[in-house]
Amino acid sequence: MASYATLLEKTRVPQPSIQRFAVISVFSKLRSAPEQFGSEAEAGREAISFCLTSESITVVDQSVHELCRLVSDSVLDLSRGLLELQSALEGCDSKLVSLFVKGLGFLIRIGYERNNGNWKFNSTENHPFVRIQSSRVETQTELLHQVSLFVMHNRRLGMVGVCEFLEPFLNFTILRIPLSDSSSSLFARELISSMASLCCSSRHEALPIFRLLMRCLKYIPGNNLEVIVKILVDAYTVVVRDLVGTGLEVTEVHLLGVQLVDGVLFLCASPHVQTTEQESVIESLKHLLAVQKDLGLAYSHDLSLVVLSLVFMLAKSTVEHEQLCILKFLLFLLKWKTESENLSVKDAAGSSVESLLLFPITALMSSPSKSIKVAASKVLSIVENFLVTVSNAPKIEVHTSKGDSPLSRVGSVVFRFMQQLWHQNDYTPSTSSFLRVAYTNGSEKQETYLGPVTWNSLLREHAERFWDKKKLSASFCLSQEIPILLGAVAGVMVMHPSLGADAIGSLTIIGGIDSKMSVPLLLAVLYFSNLLSRTNVPCQSLLSKLLGLLPSLAAQQVMIPLVVQTITPMLRKDAKGLLYATAIRLLCQTWVVNDRAFSSLQEVLRPQGFIEYISERHICISMAASIHDVCKRHPDRGVDLILSVQACIESQNCPVRALGFQSLSHLCEADVIDFYTAWDVIKKHAQHIKLDPLLAYSVCHLLKWGAMDAEAYPEDAENVLNILWEIGSSMQKPHDSQWTKARVSAIVALGQYEVSFMENKFSDFNKNCTYLLFSETNAEILNALEDLSIKIMIHEHSVRRRYVREKKVPGSKIEKLLDVIPQVIFPAGKEIKTGELPGAALLCLSYNPRDVKFGSSRSFHDVHFQYEEAFRVVVKSLQLSRNISLALISLQSLKAFMRRWMRANILSIDATTKELSSDKTSKATNNIMKSLVHMAEEALPRCAENIALALGALCAALPAASHNIKASASKFLLSWLLEHEHEHRQWTAGISLGLISSSLHVTDHKQKFQNISGLLEVLCSSKSTLVKGACGVGLGFSCQDLLTRTEASASSDIDSDSYRNQEERLLGRIVRLLSSILHGFLHTPCDILESLSALFPPGEEDNVIGLPQLLDESSDDFDDDTWGIAGLIIGLGMSVGAIYRAGKKDAVVKIKNLIVSWIPYADSLKQTSGSNSKVSVRLFSVGSCLALPIVITFCQKVELFDAHEVDDIIGCFKDLISELLIVRKSGALRKRLLMASCIGAGDLLGSVLNEGIHPVKIESVKELLELFKKCYSGLYPPVAHFGGMLGVVNVLGAGAGNLVYSHPRPRAPPASSEENEISYVSGPLLSNAYFTQQLTPVVQEIFLIAQNTKDRQLQHYAAWAISILRTYMRSGESSSLSNENQSDDSDRNSISHNVPEHTMVMKLAQGLTNPSFPLAGSPLNIGTMASALRCLSHAPRLPNLDWGATIRRLMKQETQTDVTQSGDVPKEITLREECFKFSLAHASEFDELLAFLDELSELSRFKALEESLQSCLLCHLGGLMRIFSGSRMNKLFDDVSCFVVSLSSDQTYSCDQKSSLRVSCWKGLSQCLEETSLESSEYVTKIEKCIELLFAVLPVASQSPRADQMGSVKEWSEAVTCLQKSHRDWLYKFLQVSNLEPGNEKTNFQGDLKKIQAKAKLAKLGSVPFSELGKLKAIILNCEESDIWDVLIEIVAALHHAEGGIKRQWLIDAVEISCVSSHPSTAIIFVGLLSSICCEYMPFLNLDRSTVLSDMSVTVTSLLSDPSYEVVTEPFISFLWTSLERVYSFATESDANARLSSQQIAQSERDKAPMLVKVMHYICVAFRDHLPLEKQLRLASMDMS
């Protein structure tokens, strides 16, 4: 600095000229000095600093000039110059400030020029103008001048660039206003004013400056906005006048003015803006538009947004002069619009935002200000024209431009919602709304809301919730504008051609939301009444509906006089009749709302009125209806009108009389009037009620109240009952709906009287009621009769006699005969050896320990030895004669013998030891097993055959859990089966081995497969046809236990699945081999056998054996062929059950048809290729006769057997047996065929009769019995005699030789059964009184033959046959092995269901069980039968009838085409469903009903049911659980699991049917969870497994379901209900979600989404705490929005019902997660959703992805302005700012830079980022006061263009 010292010293000289010269010299030297002494050197810097910091103004002034010259000449760097001047400015004296500011201004202009107008700074703080302003306050004056100079100097470079350069400075100036003193505010105003002045001076370059100032408006504090707007408007008016005058940029300046007005109003009408007086702002904006209009500019349709903002401001305003100002503005706009020359009808409709003004303007008509009323009326007159135009052009689409801003405003949201309502066919939003989400998804009213939901219903729910909150917190209230805006929408919709009525309902709801709306609504009613009365309005029909709104306004006490005053003019005597009648009804409804109106109403309802207006029908009816309403709602008030009630009854007008009777009925109901006293007065007016159905209905409605005092007035009560019965039983007009209503009323009235009283007054009352029910077809009347019948049954049960249980006495001669058979056949005193009657001995001999002593084992050995010796004798004498039929009968008898033997052993062990039941059974069976094996080792062939059968019988009689015994027996029999050299061992061993396989335990898979494999091996390898046939029978037995368990199907366990596959393969091999062998024996082509083989193709592991190897070509033994082929056919017939379970129903039908075709003389019934060979058919006929009953029995159970087939097949058997009896040829085939046909015919007939499905002709039964009698009494071989006797026995149900199906013991016929001549019989013959008498001689005859010792062989067969019948009749008494196993079967059967004949239960039961019951009529219709079943389902007990047969017949009856179907019966109600429900109700009492339910629940049978019955069964899983055993329920749950899994891929169901079935399954599982307890863990595990499988196929819940997706809504509803009832620990574990990764194969993304949705729904219902849902925040909000949209909505719907603290926490957490999430749009959209559903404007918001973000400008700002959310506003805005910076950086940088700087944001967010930034920026600006200044500046610096 030394080199400059001399010159610097001269600057201190107090001489200005010397000082200036010194400064010039210093800077000249700096300019020319070498580098080490230049301006950049230390000495140079110090010299410059010395000059600038001088206290002399002259020195500083010259220094600034010289410094600027250095910079201008590029000697000094610009930044250095700015730095020097800025530093000097900050430390200078105040008098020097202007000098430095001027210098800085000059340098800024130079810098801008050098950068060609593109001078940018990295932050607002570095902006030179900002630095100047920030340095000190004194700079402001000069700074304004420098800014103007900058603009004027640099405008040549482009005004747009100049404005961009100044924008940060302008924003900084504005943003500093709230943080500094008033000078900052003043400076900002002056700065804006200065720039506005520049616009005036540079009119052709003014538009960019205007745009700059408009962009800054959003940062201006509200108290400064008024002045700023006035400045801008004044400047604009100058500019626009000039530009329009010159014709330049007219369009741009026009649009700019509209944008300015819209932008200012957008700020003023924002929800977060506090209500302040904005009159001057509005006046300024109006002035701007007035200038445009004066200049001739056209009305812009963009002004529709201005109107929308004014609508909101008008609704929100409470200040009169502000309201007046807005009205004047609106009036100006509307006039301008209507004066526009280009406005057409379409334009008016397209810009119909003005229609929203209707209700707010009407509301202002109640203002006390005359000026407001005048202005409002002017606006209303113009709006009315728009409204009428819109109502006449409802199909024109409405659009509104949103200008440059995509952000919503309250007005646009309301208008958009109104548009959507207008352009649809109902009041249901086409897209889902937030109201729907809030109040229908998963709520307690979800069932109500399935399907379309109207805005009315949702709004009503919203209003109810509002009042609930209001009750909890008195401070809670809605903003003033909400009900007005709701009214604005509804007011427009009133004019809709089809939705006007719903809109009026909405107005009613709005009145309930805010009591202050009563007067506006009254004015709206008056206005619309006037408007709708005009001819040019197409909605005149709404007038009455609109007037109906008046009474609802009377809820406010102050409104009563106004409402009554409004109605009163319509009650003038000269008024029109219809108007007068309407006024009466309105006044009545007003009284309903508020009792203060009663005096006015009472005056109108005077009795004289009916005389005065006798010719005015409408008025009289209106008066009567009002009287009726008063009596119904307030009986005490009704007493005041009693004379008017009497006048109604005495009227000649039927509707008036009817209403009078109804009014009196309500008074009697309330007991304010005595019924019989009133009846004495008015009964003369009820004499001709049958002439008018309405009158009859009303009188019946009255007469039911006579029940209370009927005993006190018996005569009058009897007359009343006669009237009711006469009307109720009248069928004069069966299809008249009015008479139907009257009859229902009469029957309901009868139900009010005591049953005992009616029985005393009516003879045969029950019979008449039953006849009436069975003769009725109308569904409504049937329902009423059901209720009456149920009441009668309950009464009968309550007064029933207490029957004493007496010792059972045989009820018929047949039973008496059967009871004495053991004593007669084996008398104690005679020596009749067991070996002479071996068959009877097996069934009758019984040895019981009589001298058993504790601790003694002698009795056990004695009894065991007795049975062993008897068995030795029997096996030696019982000849099977290589007859498979005899073998089966012997096996059946041996099973009974083994059961008695075991029972005796167990009883003996009971007396000697105290062991467990299973141990006793095992010990007793082991002893028998040892004895049998010991005897078998050295037995003769005949004995060996029987012993092999005995082993099978022993195992069949054992419990399934006896593994060891059955395994030992199987091993022993397998060894015999494989001894090909011993045929006598092989063939019976094969039969027994199959029987054992059918009774193995579920876990004995290996043993079962070994047995079946052994049978298949011998079937293929044996050369004996008899052995092949026996193996066929054994395989048939084995099929009974194949594919019976389905836990494998529903399990993911590989071994279980493999087990089922093995069973399917084994079944295929069995059917394939049997078909192939039979085909070979047939020697002719047979399509059915070939198709059966094709249905079960061989597997890879099968050894395909050729047909020649399967057949023994050298076998010429005709006897072997007959029984061998019979065995194969029987085996094939036995396999139908397994085939059906395998899902091959067609194969079952084919087998049935094939076997029928093999019966001789059946060719006319079924034709099958290859059946023409007589020899083949004769060989096959024996087996087909024996197999057919088995097949038909199964087909009956699964409904594959038609009624018309019964008579045909029975006829075939009759013809066959008749032919065989007539032809006297001898021969083995003939006698075997005769035996087989008799056994088969009897078994078939017995099966058909016991099932009870198909009635059989009486003559056919008699003819068959006569043929059987001829057979056993004629000169035929003994085996034929045996067949005839077994035919008789089988007809009675004994099922001799049939080990697959057994029939329940027949019930004794009713003691008082009438022996009427009948043509058909249904049910067991022994349960029929007529046939019991007919059969007694037949049984006696067989009994006598069994006593005849002349023919021992015949005696043997007779004794055996009669013993089989005795065993069958005693089957219910001795079916268990031990006393403890006889749980309740015997008790249940012994319950005395003594129901008298005259009772209602018996009459109904007889009508259903007996098709020929006299009361039933012919034919019964389905609806009638269903009603009778429903009645009996409620019966406390049923008579002891054959209910199993009845239900099966009714099940079949509905599917028959000849059954009448009432047209009144709803299609969804089916007789089959009622059969199921009836069975479920009484299955605990009747075993046959339990068996019926067991069959229906079997998976294969269940799959064949119709969809409606499947749904019904699934819905009642809980009921089944109450009656099924534990093991059966386990199997049922496994079946359900299997069905659920298979349902998804089943093509036989439609999507709706699948959904319906799943819904039913959810309902059933819910029932099961209610029935189970925590202790029944096994059930719970099974249920939970079903839930998991159902949940897996549950569709992801959609928040906007289409009409075809409503099934999924129902599914979710039931699923959530079910999950609510599940155990909490399991539920939390099941719904646990660890991560959400779409596309990741390791995770089930869709399943996880459903779990989250389920958890949200449960949280909404309070079943799961919100803390559980909160654990998933981070997982959910880090996913892409498109993947989880529905999940987000579900969570928001749940949070809507949460506490405020939970909502606020979710709001904060969501925006915080957006700061780190790779998908920030998801979190922000979630914030938008949550804000939408929680803010006040929720009723107007549609749930649309495209609008959620844009609506956040309304929803979030509204929510954060709520006092309850103010506590979270600051942290929310802080996190939102952080997220905004992150997303803005991502959106503005290139892809490469974005990856580096914002690595966590996914690239899929790039398209959403601009909109995200815009929304977040707007919210941050709106709440910028919660951000520090530096963040506000960065916020303002963000480019939003």
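Just so you know, glycine gets a Cβ as well, placed from its N, Cα and C.
Here Swiss-Prot flags 250-270 (among others) as transmembrane segment. Counting same-chain residues at least six beyond the ends of the transmembrane segment (250-270), those with a Cβ under 8 angstroms from any Cβ of the stretch are 207, 210-211, 214, 217-218, 225, 229, 232-233, 236, 239-240, 243-244, 278, 281, 285, 288-289, 292, 297-298, 300, 302-303, 305-306, 309-310, 312-313, 316, 403-405, 409-411, 1753, 1757, 1822.
Annotated transmembrane segment per Swiss-Prot: 296-316 (among others), in sequence order, evidence recorded as sequence analysis. Outside the transmembrane segment (296-316), and at least 6 residues removed from its termini, the chain residues within Cβ reach (under 8 Å) are 244, 250, 254-255, 258-259, 261-262, 265-266, 268-269, 275, 278, 282, 289, 323, 326-327, 329-330, 333, 336-337, 339-340, 342-343, 347, 350-351, 353-354, 356-357, 360-361, 364, 400-403, 409-412, 414-415, 479-481, 484-485, 488.
Here Swiss-Prot flags 347-367 (among others) as transmembrane segment, drawing on sequence analysis.
For the transmembrane segment (479-499), same-chain residues at least 6 beyond its ends with a Cβ under 8 Å from one of its own Cβ atoms are 311-312, 315-316, 318, 352, 355-360, 362-363, 387-388, 390-391, 394, 410, 414, 417-418, 421-422, 425-427, 459, 506-507, 510, 513-514, 516-517, 520-521, 524, 528, 537-539, 542, 546, 1736-1737, 1739-1740. Per Swiss-Prot, the feature transmembrane segment maps to 479-499 (among others); the stated evidence is sequence analysis.
Annotation source Swiss-Prot lists transmembrane segment at 513-533 (among others), citing sequence analysis.
Annotated transmembrane segment per Swiss-Prot: 546-566 (among others), in sequence order, evidence recorded as sequence analysis.
For the transmembrane segment (982-1002), same-chain residues at least 6 beyond its ends with a Cβ under 8 Å from one of its own Cβ atoms are 880, 882, 884, 887-888, 891, 941-942, 944-946, 948-949, 951-953, 955-956, 958, 960-961, 963, 966, 969-970, 973-974, 976, 1008, 1011-1012, 1014-1015, 1018, 1022, 1024, 1026-1027, 1029-1031, 1033-1041, 1045, 1299. Annotated transmembrane segment per Swiss-Prot: 982-1002 (among others), in sequence order.
Swiss-Prot lists 1123-1143 (among others) with the feature transmembrane segment. Counting same-chain residues at least six beyond the ends of the transmembrane segment (1123-1143), those with a Cβ under 8 angstroms from any Cβ of the stretch are 882-885, 1024-1037, 1039-1040, 1042-1044, 1064, 1067, 1070-1071, 1074-1075, 1077-1078, 1081, 1151-1152, 1155, 1158, 1179-1180, 1182-1184, 1186-1188, 1190-1191, 1194-1195, 1198, 1232, 1236, 1300, 1498-1501, 1503-1504.
Per Swiss-Prot, the feature transmembrane segment maps to 1175-1195 (among others); the stated evidence is sequence analysis.
Under the heading transmembrane segment, Swiss-Prot lists 1229-1249 (among others).
Among residues of the same chain six or more beyond the transmembrane segment (1277-1297), those with a C-beta under 8 A of the stretch's C-beta atoms are 881, 883, 885-886, 888-889, 892, 1186, 1231-1232, 1234-1239, 1241-1243, 1245-1247, 1249-1250, 1261, 1264-1265, 1267-1271, 1303, 1306, 1324-1326, 1335, 1338-1339, 1342, 1345, 1351, 1353-1354, 1357-1358, 1360-1362, 1364-1365, 1367-1368. Per Swiss-Prot, transmembrane segment is recorded for 1277-1297 (among others), and the stated evidence type is sequence analysis.
Taken from Swiss-Prot, the feature region 'Disordered' applies to 1374-1393.
Residues annotated as transmembrane segment in Swiss-Prot, with sequence analysis given as evidence: 1719-1739 (among others).
In this chain, the transmembrane segment (513-533) lies in contact with the transmembrane segment (546-566); the count of Cβ pairs under 8 Å, excluding pairs fewer than 6 apart in sequence, is at least 3.
Listed by sequence, the residues of this chain that lie at least six past the ends of the transmembrane segment (1719-1739) yet keep a Cβ under 8 A from its Cβ atoms are 271, 410, 413, 434-435, 437-438, 458-459, 462, 478-479, 482, 486, 1676-1681, 1684, 1688-1689, 1691-1693, 1695-1696, 1703, 1706-1707, 1710-1711, 1713, 1748-1749, 1751-1752, 1754-1756, 1758-1759, 1762, 1779, 1782-1783, 1801-1802, 1804-1805, 1808-1809, 1812, 1815-1816.
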